[in-house]
Amino acid sequence: MSDFSSSGSDEDLDPELELLDELGGKLSKWTNYIHGWQDRWIVLKGNILSYYRSADEKEYGCRGSICLSKAVITPHEFDECRFDISVNDSIWYLRAEHPLLRQQWIDTVELHKAESGYGSESSLRRHGSLLSLTSAASGLSTTSASSFKKGYSLQEKLAEMETFRDILCRQVDTLQKYFDNCADIDSKDELHRDKASEDEEDFLTSRPDGNYLLNNNNSSKEKLFSVDSLKGSLGIDFKGEAITFKATTAGILSTLSHCIDILVKREESWQRRLDKEIERRRRAEDAYKAALTELKKKPHYGGPDYEEGPNSLINEEEFFDAVEAALDKHDQIEEQSHAERSRASRQISLPPDTYSSISPPKYLTKPHSQTSSLSSVDLISASDDVHRFSAQVEEMVQSHMTYSLQDVGGDANWQLLVEEGDMKVYRREVEENGIVLDPLKATHAVKGVTGHEVCHYFWDTAFRNDWETTIESFQVVETLSDKAVIIHQTHKRVWPASQRDVLYVSVIRKILSTNENDPDTWLVCNFSVDHDSYPPSARCIRAKINVAMICQTLISPPEGDKEITRDNILCKITYVANVNPGGWAPASVLRAIAKREYPKFLKRFTSYVQEKSSGEAILF
């Protein structure tokens, strides 16, 4: 979708909670160097940015999320639709459908980042005064077990403090009981005085030994009670308890003083350690900031900034090394796959000729050159092969039969790239607006197969995956006739080159010779067209092609009345390819890859045709 969608209505939401709405939209996100840009559903809620594979898969959970509190949003310098969001070492590469939508996303993300950060007023209202339990716990664990082993004297003093505390508590309880009883006795003594003053007959007198006497009118004295009786009744030696209490408090004060001395010494040691730790942390933070700054300057290797293009951060040598390494890996996989297919080979009979009636074999007394057959070729358009691209097909066929079969040996513009046996590969260097458009041409001679068989296996999509190793997927978009189809083909990604697809008409044609001594010609022509059902996508670069496989069958007459066998057959192949890669890539890399891959392709394909045709009836 081209704009945001909100999960709540404006009427139901408080203005202060407006930022908590869930906003969603579709953006292209860079996944990895294999799959490139993929459409993802991006959701913005509060200060959390999440993405899902699609809007329909939200119920299965997000595939990733980042917090925007410390995020850095960077519009791309060259790509008007792209912007990057980075948090520490995590970077999201995103692309909108057009620049206005990109700016809308950037403004919205920046707004949520500013209003949802931990330092904003709205965040204080939402988060309150919660503390981090992790931070609190870390503050309580600053000492190690080994450090306490060194401070065994402090441990001993603390144990002494525990003992003193128990003794002091017992003494306080004892003294409290003594004071409570003293208060009771004083109360009783006052009661007796009140009675004596009322009677005026009895009164108390004290003696030097501390005893109290009760006097009456009869001049007789009776002992009322004594301090010894109080001591005996409570069982407490007040003087002794007071001395013990004083000693206990003195011991506590002494132990506390000793503990303070130990702590002061320990504090000095810990302070030195703390200073060292602070210095180490400062150096680590400086190194982290420097690394983070360097990381922001240079995006992740393998990201979209390293893709092909005039502004790519990867240099030409690294580009070539990366492409060559990827191709080597593809070759290894293909070799393993081919070995497995060989072990489990199965015989598939060649379908009957559905393209033209089989003509009687033509016996040639001598091989004919490619140029000698030009004057005797009659271009025949089949009346049943009429469709909306018929005019373009005839134009392409005429062009290839006129120019592609011309000998390039004396043309200085054509350079011989590879020569291996009967196979020769030529190139003519052409550039347009900095894009390499080098035409390629290859000639080859293959024994034991006919031109019809070669073109049949090259054109029929049923056999495409058996010999074509560079294709990721293909689909027949439309069948124009029995001899013409429109094909959409996606090629495997070779990083750092972008992934490419092609949409083309593929036609197979038999061109009859007007001279009985010259062979007929079979031709497969593939050229790019447009189709409403398959417009170019942001995922792939749409390449343009004009390719032809032109084959002629040369037959050497067998001895006597023997039948023609595959030993008497030779197929002369001319393969031409004009490819516009559709995007910028280093010219030296494209030319080096073409020199490497085209001969391998031709050998692989012709070997496949020989293997498939072996043991089958000859198809002329």
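Each Cβ is built from the backbone N, Cα and C atoms, and glycine gets one as well.
Quick look at what TrEMBL annotates:
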type     : residues : note
COILED   : 267-294  : coiled coil
COMPBIAS : 334-343  : compositional bias 'Basic and acidic residues'
DOMAIN   : 20-114   : domain 'PH'
DOMAIN   : 411-614  : domain 'START'
REGION   : 190-211  : region 'Disordered'
REGION   : 334-370  : region 'Disordered'
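Away from its own ends, the coiled coil (267-294) comes close to residues 88-89 of its chain (Cβ-Cβ under 8 Å, at least six residues beyond either end).
In the domain 'PH' (20-114), the DSSP tally of helix, strand and coil residues is 23 helix, 43 strand, 29 coil.
Summed and averaged per residue, pLDDT over the domain 'PH' (20-114) gives 86.
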